[in-house]
C-alpha cells in the first residue's frame, strides 16, 4: 500500500505462530493491518504513519541474551500500543517492570477476571475465557501502569497505562479460544486508536487502480496467467486499471483439469476482455516427460519447460516494461521476516529467467488468500474461478505416480471431474478445502461384465484445513463416496478399484508426490 493516509495498525513480529491471525482479525474489523519486523525503528514507524501498534507474542524470554528486542523510542511516539503475551512482557521489561520464569506455566484456556473497568474490555463480561500460552510472566509492572485483569496463574494478566496509551495482555485475543478476543481488538482499533473501520475490498480496488495507473503510465504489462485464483484476480484487476496495455500469456501444458483451459479463455478472455495469448504446449511438455517416473525430475522438467515457453512468447512482444505476479501477503511474510521458518517449497511452475528485465507489479502482495477471493467476488468474477481450489503448478502430472502416460493422465482428468461434480452436487464444495484423485500406478484384478480385468487403482484425497499447513482427511458421507466410486469405475476406462486416503497432514503431505 503506497497511500500513507490509509488508516493502518502495524503488528511487530516477535515470532508467534498467531502473528498472521492478529493482522487478519484487525482487517476483519475494517482496519488495514500489516506485519513488520521487530527491528523497525521509531523513526521508520513515524514515516509509515500508523494509528496504532501491536506487539505480538513469541517464543523468546525477554531476559535471555539475543532475545527479540524493540526500539524503546517506539513507546514515546504517543501512539496506542497493545502488547500481547511476549509483547506485554517486553513492554513491561523495557519500561522498568520485572519478568520471570513462571513457577507454573500456563497453557490452554483460563478464566480472566476483570478487576477494573477498561476501554480495552468495554462490553465484555467480568469473567471470560482466554487462551494462555506462556512460560514467563510479569511479576512487577512499570510505574504508571495498573492491573485491570488477573488469571489463576497471572496476577498481571491485563495491565494498562492510559495516560501513555499503553496496554498489555498476557493472553492471545486473536484466537477463537479467547471468546471475546475480537471485541477487545475492536475496542483497541476503533475506540483506543480511533480508526473509522472503513477499510474494504471496494476501497482497496480504488487504491490499487490508482497506484497501478500511476506506476505503469502508458507502458505495457505482461502477466503469466495460470487459470488459478491469484493470477486470474490480478488479470481482472489490471484489466480494469489499464485495459489493453495488459497482455496475458496462458500456457496450456496439458496437465490442467478437464475443461479448465476453455473456461479460462471463455471467462477471462470473453467476459472480462483480457488480451490472452494461449500457447498450446501439450505435446512439447509430454514429449519431455514420457517414461519418467521420478517426481522431482518431473517437477523440474515441467518448471524449466514452462519458463522456456513463457520466455519464447515474451520475447515476441515489444515494449513490455512490467511483469505482473500474483504474490500474496503470506509469500511476503514467509520470505521477508526475521522470525520466519523455512517451509517445504510449493509446487510452483518455476521462476522466470534472471535476464528478463521487467519491473514487478504485485497488486495482491498485501492480501491473504481469503481476501483475494473476496476481491475476486467484488470484481464480479464467477464463483467457479474465485473458489477454485489450490492446484499445483505441474498440474495433474504429479497426480500420476510412476511413469507418465496419456492413458494414466486421462484416468486422473476424468475421475477428478466426476469427483468435483459430485462434491458440488452434495453441497460440500465449500466445506472441503481440497479434493482430487491420484493414479497410484497400482493395478489389481477385478471383474466387470463377467470378464476379468486388470486395471488401475485410483485414490481419492479430500482434506479439511484452514491454510494447508496442517490438514485432516475429510469425513465424507459413505453414500457420497460410494456414488463417486461407482461412477468412476463405470465411466472411466482402465480403472477398476477406488481407495480413500484417510491420512492427515502431518505425517502425509496434501499431494502424493
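FYI, residue positions are counted from 1 along the chain as it appears here.
Keep in mind that glycine also has a Cβ here, set from the backbone N, Cα and C atoms.
Copied over from Swiss-Prot, here are the features:
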ACT_SITE  85  active site, nucleophile
ACT_SITE  172  active site
ACT_SITE  174  active site
BINDING   226, 227, 228, 229, 230, 231, 232  ATP binding site
DOMAIN    8-198  domain 'Glutamine amidotransferase type-1'
DOMAIN    199-388  domain 'GMPS ATP-PPase'
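In sequence order, the recorded positions near the residue listed as 'active site, nucleophile' (Cα within 10 Å of its Cα) are 172, drawn from 172, 226, 230. Around residue 172 (active site), the C-beta neighbours below 8 angstroms that are at least 6 residues distant in the chain are 16, 18, 57, 84, 85, 130, 131, 132, 133, 178, 181.
Taking every protein chain shown into account, 227, 228 are the binding-site residues, and of these the Cβ with the most other Cβ atoms within 10 Å belongs to 227. With residue 174 (active site) as the anchor, the candidate binding-site residues are 227, 228, 230, 232, and the one with the nearest CA is 230.
What surrounds the ATP site, by Cβ distance within 8 Å of the Cβ centroid and not counting 226, 227, 228, 229, 230, 231, 232, is the set 225, 233, 234, 326, 385, 388 from the same chain. Within the model, the domain 'GMPS ATP-PPase' (199-388) shows a mean pLDDT value of 85, rounded to a whole number.
Same-chain residues at least 6 positions away in sequence with a Cβ under 8 Å from that of residue 231 (ATP binding site) are, in sequence order, 223, 224, 225, 325, 326. Its Cβ placed at the centre, residue 232 (ATP binding site) has 27 other Cβ atoms within 10 Å. Neighbour density for residue 174 (active site): within 10 A of its CB lie 26 other CB atoms from the protein chains shown. Of all the recorded positions given, namely 85, 230, the one with the smallest number of surrounding CB atoms inside 10 A is 230. Under the three-state DSSP scheme, residue 228 (ATP binding site) falls in the coil class.
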